[in-house]
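*Asks:* Submitted below is the structure of interest, expressed as structure tokens.
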């Protein structure tokens, strides 16, 4: 069996920054450090940070006075931000991905101008909750759609005063279909100046599409609650190839590999490379040969951590 590796795969700049913020806060201020929601959606990362002194919470009320709090990479609503600022916290750091913040600013701008806004996204995802929570104009409207059917059923106040934006980790193909429906249903709707789906999501979907063309099956390293990882597995399955979303090498079932001559491996944007290396090692134990990395788009984007945290610290082992 041959192993093919998608390129690019794994950590994106926003995830790298968010993890670094938690690591550096622990290094500088000591444990415990409180983080609202999982800083990124990856079990290995979250468990590793817990071992180092991070405490993940869902409600600001769970944070003791005098503590240090970090918002996750997914972002928070205006209400959550205001609640945190009203508390007696020693420090408050924001690990929201800058590309999510871009979408927040689009929604806030629409709210200020009194435009109704439609968000394309998955209900219940923390990024969607944070983005929807940037809209506060009682005379306008903020709506969530996930599919073309949602668009056809949507009623707004003023079809001539509409804009839309998207969650950053969606399927490029699915989102295109929803945008087509929006443009048909509301001809005067205005979209973002630049695509809201982030570069990492787009690049990893393109890479896994290329991978699936050559592989018999594809293993996607990522946690079940990772939106972008799920989209990678779904894309492969739609191409007619088996795809399995796995947290680690331990999840690999030998029968998946029966008859496969070429195994593709990729990783979601929140999955560290150590997990990919462990998957490769496990596949070799099961009889696979050396791994070959495909060519792909080069990524050199870096997002700086807050200036208060710009010190050198050891990374997660």
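Just so it is clear, glycine is given a Cβ too, placed from its N, Cα and C backbone atoms.
Swiss-Prot lists 127 with the feature active site, proton donor, giving sequence analysis as the kind of evidence. Residues annotated as [4Fe-4S] cluster binding site in Swiss-Prot: 12, 97, 198. According to Swiss-Prot, the dimethylallyl diphosphate binding site annotation covers 41, 74, 125, 226, 227, 228, 270. Among the features that Swiss-Prot reports, isopentenyl diphosphate binding site is placed at 41, 74, 125, 226, 227, 228, 270, with the record citing sequence analysis. Per Swiss-Prot, the feature (2E)-4-hydroxy-3-methylbut-2-enyl diphosphate binding site maps to 41, 74, 125, 168, 226, 227, 228, 270; the stated evidence is sequence analysis.
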*Asks:* Spatially speaking, which of the binding-site residues 41, 168, 270 is closest to residue 97 ([4Fe-4S] cluster binding site)? Use C-alpha to C-alpha, please.
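*Replies:* Of the binding-site residues 41, 168, 270, 168 has its Cα closest to that of residue 97 ([4Fe-4S] cluster binding site).
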*Asks:* Cα within 10 Å of residue 127 (active site, proton donor) is the criterion; apply it to the binding-site residues 12, 41, 74, 168, 198, 228 and give the hits in sequence order.
*Replies:* 74, 168
*Asks:* Helix, strand or coil by DSSP: which one applies to residue 227 (dimethylallyl diphosphate binding site)?
*Replies:* helix
*Asks:* Could you find out if DSSP has residue 97 ([4Fe-4S] cluster binding site) as helix, strand or coil?
*Replies:* coil
*Asks:* For the C-alpha pair, I'd like the distance in angstrom between residue 227 (dimethylallyl diphosphate binding site) and residue 12 ([4Fe-4S] cluster binding site), rounded off.
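*Replies:* Roughly 14 Å, rounded to the nearest whole number.
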*Asks:* Rounded to a whole number, how many Å is the Cα of residue 125 (dimethylallyl diphosphate binding site) away from the Cα of residue 168 ((2E)-4-hydroxy-3-methylbut-2-enyl diphosphate binding site)?
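*Replies:* Checking the Cα atoms of residue 125 (dimethylallyl diphosphate binding site) and residue 168 ((2E)-4-hydroxy-3-methylbut-2-enyl diphosphate binding site) gives a distance of 11 Å.
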*Asks:* Out of 12, 168, 198, point to the one nearest residue 74 (dimethylallyl diphosphate binding site) in space (Cα versus Cα); all of them are binding-site residues in the record.
*Replies:* 168
*Asks:* Relative to the Cβ of residue 41 (dimethylallyl diphosphate binding site), which residues of the same chain, six or more apart in sequence, are found under 8 Å away?
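*Replies:* Those within reach of residue 41 (dimethylallyl diphosphate binding site), by Cβ under 8 Å and sequence separation of 6 or more, are 222, 223, 225, 226, 227, 229, 270.
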*Asks:* How many Å separate the Cα atoms of residue 12 ([4Fe-4S] cluster binding site) and residue 228 (dimethylallyl diphosphate binding site)?
*Replies:* 11
*Asks:* For the C-alpha pair, I'd like the distance in angstrom between residue 228 (dimethylallyl diphosphate binding site) and residue 168 ((2E)-4-hydroxy-3-methylbut-2-enyl diphosphate binding site), rounded off.
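*Replies:* A Cα-Cα distance of 9 Å.
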*Asks:* Taking the Cβ of residue 97 ([4Fe-4S] cluster binding site) as the centre, count every other Cβ atom within 10 Å, in any protein chain shown.
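*Replies:* Within a 10 Å radius of the Cβ of residue 97 ([4Fe-4S] cluster binding site) lie 26 other Cβ atoms.
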*Asks:* Between residue 198 ([4Fe-4S] cluster binding site) and residue 168 ((2E)-4-hydroxy-3-methylbut-2-enyl diphosphate binding site), what C-alpha distance do you get in Å?
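*Replies:* One finds 5 Å between the Cα atoms of these residues.
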*Asks:* Around the Cβ of residue 12 ([4Fe-4S] cluster binding site), how many other Cβ atoms lie within 10 Å? Please give the count over every shown protein chain.
*Replies:* 28
